[in-house]
Amino acid sequence: MVHMHITAWALGLILFFVAYSLYSAGRKGKGVHMGLRLMYIIIIVTGFMLYMSIVKTATGSMHMWYGMKMLAGILVIAGMEMVLVKMSKNKPTGAVWGLFIVALVAVLYLGLKLPLGWYVFK
């Protein structure tokens, strides 16, 4: 399940940047944007399944940290969607980019620090 979640995130980020480049070039990015929305569903479902598998075995404060990671992941998805919607309507996106980047850094840090991660920050 971890590999499916990571693959969904990688595809989601690729589709996000493709849709962003299409919108910023003035072309229609609706098809890519809709594909990205399907990836959001896969990301959320696989993330929730991972969270539920951890709840069964985690002890101590691990529930809290994985819950924080899940909330930050939802913020990343919300930030991605808000950036693309504002780009499609030709509105400023500075604050939304800030939300997206802060949430993405938090998710990456927690994902690499927590036990299911790669132990980069040990």
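Backbone N, Cα and C atoms are what each Cβ position is placed from, and that goes for glycine too.
The feature transmembrane segment is assigned by Swiss-Prot to 6-26, 38-58, 65-85, 92-112.
Listed by sequence, the residues of this chain that lie at least six past the ends of the transmembrane segment (38-58) yet keep a Cβ under 8 A from its Cβ atoms are 1-2, 4-5, 8-9, 11-12, 15, 66-67, 70, 73-74, 77, 80-81, 116. Counting only same-chain residues 6+ beyond the ends of the transmembrane segment (65-85), those with a CB under 8 A from a CB of the stretch are 12, 16, 19-20, 23, 29, 33, 36-37, 40, 43-44, 47-48, 51, 54-55, 58, 93, 96-97, 99-101, 103-104, 106-107, 110-111, 114. Tertiary proximity for the transmembrane segment (6-26) is limited to same-chain residues at least six positions away from its ends with a CB under 8 Å from its CB atoms, namely 32-33, 35-36, 39-40, 42-43, 46, 77, 80, 83-84, 87-88.
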